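Colleague: According to TrEMBL, the protein has these features:
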BINDING   A:146, A:168, A:179, A:259, A:378, A:383  substrate binding site
ACT_SITE  A:179  active site, nucleophile
C-alpha cells in the first residue's frame, strides 16, 4: 500500500526533532535494485528551494538510489548555509548506504526562510538508515506530513509488478506542480526513458490539473524509482497507465485533504477547441476566489464561471457556453437555463461541466472551495 | 465633491425597486454642455455584460450626453431580452432628455444571470430624469452602491476648472479593470483625443493596479464626460494630472472598502528591469492567496512573496531579492534578513517593498488581505 509495496525497496520514518510538535519528520526511501533507473519532475517556480536545486542535478543522469525527505522546514531561501545542509545530508545518506551522494535525491517541506537544524537532521538521517525496513512505507509517509491530516499512499498492482507511492501536500496546490513531495516506486523492469515518459505524462494529466489555491511551491518534487526486482518488463502503454493511475489516486487524496476545504470540485471543460484551451479555461475557473467562496456557501452562482472563462484566451463564444452544476444545466447558451434552486448540494463532491461549444477537446481539473478554515489556517502558518 | 462638482452637470439617484433592500438603485448623470466630448474604458473580460456591449458602441464616436446606471442587477448573461432592456433604457433616457440613444451610456451592476425588471427600471429612469439636479451627485453615488459600505466620490479642483467623480466597487477588483463603475466629469474644455489619452493613462496607472481578489468583472466601465462649461482649456499634462489624481483617489477608496478586508496593502516593486516586469511581479504578489491570508493573520511570511515572484517571467535572480515589510528588511539577498519578529503591525496599512535588483523600474500595486469575512460575504452573494 506504499512505497514499499513493490519489491526491492526499504523505507523508514523517524522523529528528528525538526518539528516543534515532536512528530516524525525524516523519511528515507531506498532502492535495493537490482536496477536503479529513475525519473523526476520538479517545481517550475523560479525561486527553487535548495533541495530542488540539488536534486535536479542528482536525478539528471537517470539514476537514483535513495530519496531522503524532511518535514519541519523547507530549506528554501536559507542562503549558502542551506545549500550546504542539502549537500551534507546527501553525503551523509550516501556514506551510510555505501552509495554516491550524486544518486541521493533530497526533499524538504515546511516553512520557507528558516534555517534547518543540521545536527538534528543528521541524527535523524542516521536513525532512518537504521530503521530501514521492507515494511517502512507507512512510517515514511507519516514523516513527510505537514498540515496533512493523514498519510497519503497508493499501490497499483499489475500481474507480477506494481507501482507504489506516497505524497505530502495539503495546500498551495497549483500547477505545475502542486505543492507536494511525491515518491513513487516500481519493481517493473523499465528503461530510464520509459520511466521518464510515463512520469511526465502522468504528472501532466494529474498533479498539473489539481489546483487548490493557485499558489505554486518552491519545493515540489515527484520522483519515480524502479528496482526491476519483479523481473517483469511491461510495455510503455502498460507502464504509462499504471503510473498515471498511481498519480491520479494520490492527486485525489491531495485534493481531498486540501487545507480547510469543505468541497472537492470537479471541473469538466468539454467542447474546447484544443486541450490547451480546456486546461486554460479549467484553471481559470479553478482559481476564481469568488466562485470558490460561492461553492463554500453552496451558492450556484454560475455567472462566476463565465466571468472566469472570459479572462482567458480560449476559443469560445460567450453566447454559446453551457454550464451545469451537479447535473443541473443552470446556464444555457450564455443565459439562464434551469432555475438555480434545482441544484442539489449533497456531501463534499461538486461537479461543474462547462461546454465551450468550440471543438472536441475535454479536460478535467480538480479544485476545492475557499473557506473560512483555509483563511484561518493560512493566516498563522509561520507563527 | 462629486460628478456635479464641475459645472455643466446634473445628476440624480432614485429608488426603482430593483434591490430587494429598497435602497436607491438608479442613477443618472447628464452633461448639459456646451460641449459633449467623452472617453471611456471598458472591461477586458471577453464575457461582457449587455450594457458594456451597448456602451462601447455608444461611446465610440467620442460623444456622450448622459450615463444611466443601475445597481440591483448586472444584466449580464441574460439573453437577447437583456440586451433589449439596455436598448430600451437608452432610448427611454434619450426621449426624456431630448437627445439620441446613441449618446447614452448604460451601466449595470449586481448579480449576473438574473433578468432585470424592465418596468421598474423604466419607472426609475423617469423618476431620475425628474429628480435631476446640479446637487444630485451624492444621490447618484449612493444609488450605484452594491456591497459598498459607503458612497465613493472625488473632486479635484484646479484654477477655474475641476474633475469630479463617483465610483462603485467593493470586491472582484482586479486588473483590468477592477469591478467597478466609475463616472468622471470635468468642466474643462478638452478635445476628445485629449480626454481619451488622459483617461487611458490614468486607468493604467490607478485602477489597473488595484487587485483585491484577482477576479475581473463583466461590467466594468469608466467614463469621462467633459462639458467645457468652465471655459478653461488646460494643457494635456494638466489634464492628465487632474484625471489621474481623481482616479487614484477613487481607486484608494475602492481598496479601502474592499469586501471583508482588514488591511490595505501597498506593494512597491522596485529595481525591476522594466515597468512591465514590475507590474507582473506586483500583480503576482497581490494575487497570492497564501500571502493574503498571512497578512490577515499579521504573519510576516516573506517566503510567500518570493514564491509568488518565482511564478513570473520577470527578470530577477532569486539570490538577489530583498523584501521589507513595514520598513523591516526581513529578506536580504534571497535569504533571511532582520528577524521577522521586528515587524510591527499597526492599523490597516501594510507596506511591502520588493527590490528585484534588476534595473530601475518601479511600480506600486495595491491589494487587500484575504479574510474570513471576505469568504463569508462571497459565500452567499447570490442567495
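Each Cβ is built from the backbone N, Cα and C atoms, and glycine gets one as well.
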Colleague: Within 10 Å of the Cβ of residue A:168 (substrate binding site), how many other Cβ atoms can be counted across all chains shown?
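Modeller: There are 28 such Cβ atoms around residue A:168 (substrate binding site).
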Colleague: Which of the binding-site residues A:146, A:168, A:259, A:378 have a Cβ less than 8 Å from any Cβ in chain B?
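Modeller: It is A:378, listed by sequence.
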Colleague: How would DSSP class residue A:378 (substrate binding site) in three states?
Modeller: helix
Colleague: For the binding-site residues A:146, A:378, which Cβ has the most other Cβ atoms within 10 Å, all shown protein chains included?
Modeller: A:378
Colleague: Within 10 Å of the Cβ of residue A:259 (substrate binding site), how many other Cβ atoms can be counted across all chains shown?
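Modeller: Result for residue A:259 (substrate binding site): 26 neighbouring Cβ atoms inside 10 Å.
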Colleague: DSSP three-state call for residue A:259 (substrate binding site): helix, strand or coil?
Modeller: coil
